[in-house]
Structure formats: C-alpha cells, structure tokens
Amino acid sequence: MFHILNKGSSKSCIYTRPCLKRFYHQHYEHTGKLSRTFFSPTHIKYNRLSTLDTSTSTANAAPDPQVLTFLSKRMQAAPLYPKPSAFLELGKPRLTVLVVLSTMSSYALAPYPGLSFNTLAWLTMGTALCSISANAFNQSMEPMLDCQMARTRSRPIPRGAIRPEYAWLFATLTGIAGTSMSFLVNPTVGWLGLGNIVLYMGIYTPLKRISIVNTWVGSLVGAIPPLMGWAACSGGDLLSHPGGLITAAMLFAWQFPHFNAFSTMVKDDYKKCGYQMMAWKNPALNARVSLRYALAFLPLSYAYISTGLVGPWYAVPATGTNMFLIARAWKFYRNRNYQNARSLFFASLLHLPLLFTLTLACHMIKVWNDSDSKNPVLGSEEDTLKY
C-alpha cells in the first residue's frame, strides 16, 4: 500500500490533494526497504488500482478476486453520460493517426493517374474510424486484464470513466461508419477495412492469451492499412503492381522490432496477465525475430528501386536509415536488457516515418524527372503529366 509519511507524525495517510503537480511519494516495497518515486497527479488519482495485489496471477490463473471486486465497483460508478474525452481515449488517437498516415503514404506512393481529393477524404475517414473501432473493441474485451497492468489501468473502462456497454456500442457504431466509408472508395478497400476489424477483435485479441503466434497476427493487422491506401488509388487492384505489397511487407516487418522491444520493457506485466509473448516465453527468439525483420528492410527498400517507384539514388538514404534500426536491433540481440530494448523501441518510432518520408520524396523527384517523357510505370505521357 502506498503511503505518504506526514512530517512530525508517526501515522501515514493516503495523499489526496490534487493541487500539487508533482511530489515525492514514499512507500514500502515487498522487501521492506523505503524508496522514493515521483508520481504524477494521474497516478495519484488511480493509485487505488495500483495497490491491488495481482502478483499471484499466472498465465492460467483466474483474475484476483480483489481485482474483480474493485473493477465491478468502478464500472457501477461510471457516469451515465460519459465525457467525450472518454470516447476519444477508447479510439487511441495517437495510434490511429499513425495508421492513417501509413494509409495516406501508400496512397500517395501508388503510381496511378487521377488522384482524387474525394477518394482521399473517404479513405482517411474510413481508415480512422475502422482503427478507432478496432481499438475500442479491444478495450471492451479486456478491462479485467487492463486494470492489472500499470500502463493500461488508467484506460477509460478500468478507471470508471465509461461503462462497458457504451464502449461496445461506440465500437460497433464507428465500425459500421468506417466500413461504410471504406466501401464508398471501392469494394476492395471496404473488405480490407472490415477484415482488419475482425482480425484484430476476433483473432488477435483472444490469441494473445493462447500463443506467441499472436505477434505475427498483430503484424498482419498493421500491414493492412497500406493495402487500403494502395487499393484506393489503383481502383482496387493490388496485383498489377508490386508496390502495394512491398509497402505492406514493410509495415509487417516493422511491427517486430517495434513491438518485441516494447514487450520486453513490460514483460512482467504481460506475464502477470497471462499474455503469451516472446519477451518472457522465449527471450532469445524475441531478440532473433527483432533482428531478422530489421534486416528485412534492406531488400524491401531495394525492391522499390526495381519496380521503378524511385530512382537508384534512393539506395543511399534508405540504407543509412535502415542501418540505424539494424544497429540497435543487433545490440538488443547481443544483450537483451531493458536499456537496449528501450533504445530499439524509440529507434523504431523514428525509423518508419523517416523511411517513408525519404521514399515519398524520392518518388516525387523521379516523377518530376520523368514528366517530360513516357513513364513505363505510369503509362502514357498524358497520364504522366496528369499525375
């Protein structure tokens, strides 16, 4: 139990004043030693959740009864009219923005004439709502597990900001709206959007407590948005040009160094809740897979050159950017400690946006250079100029 030791008093009390922005919070650990840790006001507000003893949970054990009781009370106390911010949190806005950016990047990279603002608008809104729906479904299915992990216990449902039935309704409505908008682009985009929601909610989420294969399934979820962007630009054709599949393969490969590093940082929480992750089930495999897929970026980047999407000069910045990620994946492979995992995680956050920015820049340079002659990728000279 976390306590504040009052000056001049041998008694301790729970500190409840929300006016202080930051303060020293003293508590006894299980070892009996006194330590000091900075806690933010958000942590103070939900510190009762952190005091619940969930250390005895295992992969096959039921949630602690104390956790069930506390969560039940929180859900019952949830407001009848939740704040809009609670719905926003259900959709994980930062993750949704990244998903939309990957879709738009693929749309911009596709070498097809007649790019349409209306198509891009429907694609953007449809992708965003599909992502919001999948994230909301995920949180609706796992409140019991979310309240046991430090990084997720302040989500809307565990902290009592929104009722579970409202979360389910929100996920359903955004899913219907998102897939409807995606179908307005073309049927291929619509089916990809719907399939991604089903894959995330129906397969990936329950598989997390069954097998480490969940990481590969989750990577498929991340690879679908670029296919949606490519299909939107190509009229639903994903096979006549390999660029869309290459972009999707990049997003698939990126998930492994990114997520494997992150799961290493929070592996104790995952183990406590029974999530079957390589980080604690097989740490050596976890590091090998991270390095393997980091190395995959080299041939995937060069594949862009062979398809004519970018010029040969693209190899220089692409190689440098990929080596930035590979170097940290190699360090993590050699020494699987927290520091190297953290370094790889933040490197992955920089790597993908930088690589896509370079790819789009080199693609546009090639388009401009080829604008006065017929381009075999774009088709006729007239289409090239229109593009």
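From the backbone N, Cα and C atoms, a Cβ is placed for every residue, glycine too.
Here the transmembrane segment (95-115) has Cβ contacts under 8 Å with residues 123-124, 127-128, 131-132, 135, 222, 225-230, 232-235, 241, 243-244, 247-248, 251, 308-309, 353, 356, 359-360, 363, 367, 375, 377-379, 383-384, 386-387 of the same chain, all six or more residues outside its ends. Among the features that Swiss-Prot reports, transmembrane segment is placed at 95-115 (among others).
Sequence-remote contacts of a segment are chain residues at least 6 beyond its ends whose Cβ falls under 8 Å from one of its Cβ atoms, and for the transmembrane segment (117-137) they are 90-92, 95-96, 99-100, 103-104, 107, 167-168, 170-172, 174-175, 177-182, 184-185, 189-190, 193-194, 196-197, 200-201, 205, 221, 225, 228-229, 232-233. Look at Swiss-Prot and you will find 117-137 (among others) tagged as transmembrane segment.
Marked as transmembrane segment by Swiss-Prot: 183-203 (among others). With a threshold of 8 Å between CB atoms, the same-chain residues lying at least 6 positions outside the transmembrane segment (183-203) that come near it are 119, 122-123, 126-127, 130, 133-134, 137-138, 141, 175, 217-218, 220-221, 224-225, 227-228, 231-232, 235-238.
The feature transmembrane segment is assigned by Swiss-Prot to 212-232 (among others).
As annotated by Swiss-Prot, transmembrane segment applies to 242-262 (among others).
What Swiss-Prot lists as transmembrane segment is 284-306 (among others). Counting same-chain residues at least six beyond the ends of the transmembrane segment (284-306), those with a Cβ under 8 angstroms from any Cβ of the stretch are 215, 242-243, 246, 249-250, 253-257, 260-261, 263-264, 277-278, 312, 314-315, 318-319, 322, 325-326, 329-330, 332-333, 336, 344, 355, 359.
The transmembrane segment annotation in Swiss-Prot covers 311-330 (among others). Through the fold, the transmembrane segment (311-330) approaches residues 257, 290-291, 294-295, 297-298, 301-302, 304-305, 340, 343-344, 347-348, 350-351, 354-355, 358-359, 362, 365-366, 369 of its own chain, all at least 6 residues removed from its boundaries and within a Cβ separation under 8 Å.
Long-range contacts of the transmembrane segment (345-365) within its own chain (CB-CB distance under 8 A, at least 6 residues past either end) are made by residues 101-102, 105, 108-109, 250-251, 254, 257-258, 261-262, 265, 297, 301, 304, 309-311, 313-314, 317-318, 321-322, 324-325, 328. Among the features that Swiss-Prot reports, transmembrane segment is placed at 345-365 (among others).
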